[in-house]
């Protein structure tokens with residue numbers, strides 16, 4: 001009875017946040033009692049009913065349930081093509097669902113054109129409304145011509161959902177929403193496994209995995225679910241090793257490099273993260289032979305990645321990792337645009353990624369922006385105070401240089417996009433804070449020992465840790481509900 005009453009109070013609080021959220025945006029209050037509104041209410045009540053934040057061992061399960069339930073609601077209420085880059089990522093998803101492994105020179109993806117007609121952002125002049133969207137049916141895709149590259153397996157969850165929808169219905173909207181939902185489920189599973197695998201970093205992985213910015217973007221056709229999920233699992237493995245709870249064995253070295261290979265399909269420069277375990281002192285390895293085996297695995301992973309992207313050509317391929325960039329020589333001679341862009345990284349992370357989890361909105365909620373930034377800083381600081389493991393100096397220097405190199409490579413790659421950079425620009429536009437997700441998640445590892453030794457901060461007791469995780473989960477769940485509610489009334 002007491003538990004039921006407690007759940008009821010949580011549900012009422014969640015409903016209040018959904019209703020209150022409209023008051024935080026500069027628009028007239030209007031209660032829209034439509035299908036999207038009730039979808040959010042059902043998701044909020046279901047989420048708050050099934051999670052158990054007071055059970056210490058339920059952290060991974062709670063993350064999975066929250067992402068799955070609220071992510072599914074976002075997938076259903078978010079207008080078509082309202083995720084970042086969802087237009088191009090949907091194109092790749094449909095291509096993968098039809099042609100499987102390879103891309104061909106003549107692919108006529110008719111279903112994509114059908115979705116485009118209902119795209120309220122990119123096709124405003126010829127937009128077709130809900131009557132069209134709920135009745136339009138699949139048309140066959142025509143695939144022929146020569147092989148010009150590989151389809152990106154990062155879009156596999158979306159393609160599975162798309163094909164399953166096509167199997168159970170001939171309506172395009174069924175495939176579209178199922179593709180989004182399966183993408184959410186794939187991400188939720190990756191976050192679940194990351195938290196389960198972690199020994200010393202669970203709170204950070206939970207927080208970063210359930211960030212509103214992350215949950216909102218993966219609730220669509222977007223390969224960042226793989227970038228975020230693989231990053232969390234890699235960091236779980238790496239922190240276990242750095243805390244000396246696990247040693248580097250042939251098996252976990254293989255797992256580490258296999259996960260790094262996934263970056264070849266999403267955020268290519270991060271394949272270099274595979275080198276991190278190679279620079280650790282010998283005490284982190286079970287045997288001296290393991291380092292050589294791990295190095296060979298890293299080399300193999302790099303080779304496969306370079307073949308996949310076409311940098312090493314094994315067949316005729318179209319496209320480039322960097323598009324039509326001015327070229328490396330140009331930026332060696334004119335490095336300041338990249339340097340200026342690197343200097344802007346902290347601002348881009350806080351403003352573009354953390355503070356603004358919603359895209360394509362009619363109004364911004366100042367309260368939502370402030371809460372996201374404030375909670376992010378506080379949680380990351382508290383989590384940093386719980387990292388008491390001293391890192392080898394060489395590892396710190398190498399990792400710092402590696403992260404700087406990866407950031408520079410990502411900026412260089414985006415200079416090939418004519419929408420955001422032209423030769424002669426003094427800064428590289430279009431660089432988003434989400435690109436630095438891996439680095440952000442590693443912040444407590446590099447600040448923790450310095451903070452705890454400088455200010456003599458003791459680690460949490462078991463009770464204190466449980467209390468912190470309870471507060472953390474309540475905070476994150478209600479912050480996500482607030483974000484969904486603001487999206488409901490501002491994404492038109």
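Cβ coordinates come from backbone N, Cα and C, glycine included.
As recorded in TrEMBL, the features of this protein are as follows:
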TRANSMEM  34-51  transmembrane segment
TRANSMEM  174-193  transmembrane segment
TRANSMEM  200-219  transmembrane segment
TRANSMEM  225-243  transmembrane segment
TRANSMEM  255-280  transmembrane segment
TRANSMEM  292-311  transmembrane segment
TRANSMEM  367-387  transmembrane segment
TRANSMEM  393-414  transmembrane segment
TRANSMEM  435-451  transmembrane segment
TRANSMEM  471-490  transmembrane segment
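By the Cβ criterion (under 8 Å, sequence separation of 6 or more), the transmembrane segment (34-51) is not in contact with the transmembrane segment (292-311), since fewer than 3 such pairs are found. Using a Cβ-Cβ cut-off under 8 Å and counting only residues 6 or more beyond its ends in the same chain, the transmembrane segment (393-414) has close neighbours at 242, 267-270, 272-273, 275-276, 279-281, 321-323, 325, 328, 331, 338, 341-342, 345, 420-421, 428, 430-431, 435-436, 439, 442, 446.
In this chain, the transmembrane segment (435-451) touches the transmembrane segment (200-219); three or more CB pairs sit within less than 8 A of each other, excluding pairs fewer than 6 residues apart. Most Cβ pairs under 8 Å with the transmembrane segment (367-387) belong to 471-490, among the candidate stretches 174-193, 225-243, 255-280, 471-490. Among residues of the same chain six or more beyond the transmembrane segment (255-280), those with a C-beta under 8 A of the stretch's C-beta atoms are 152-154, 223-224, 226-227, 230-231, 233-234, 237-238, 241, 248, 291, 294-295, 297-298, 300-302, 304-305, 308-309, 321, 392, 394-395, 398-399, 402, 405-406, 409-410, 413, 435, 438. Beyond the transmembrane segment (435-451), the same-chain residues lying 6 or more positions past its ends with a Cβ under 8 Å from any Cβ of the stretch are 201, 204-205, 208, 214, 224, 227-228, 231-232, 234-235, 239, 242, 267, 270, 273, 345, 348-349, 353, 380-381, 383-391, 396, 399-400, 403, 407, 410, 457.
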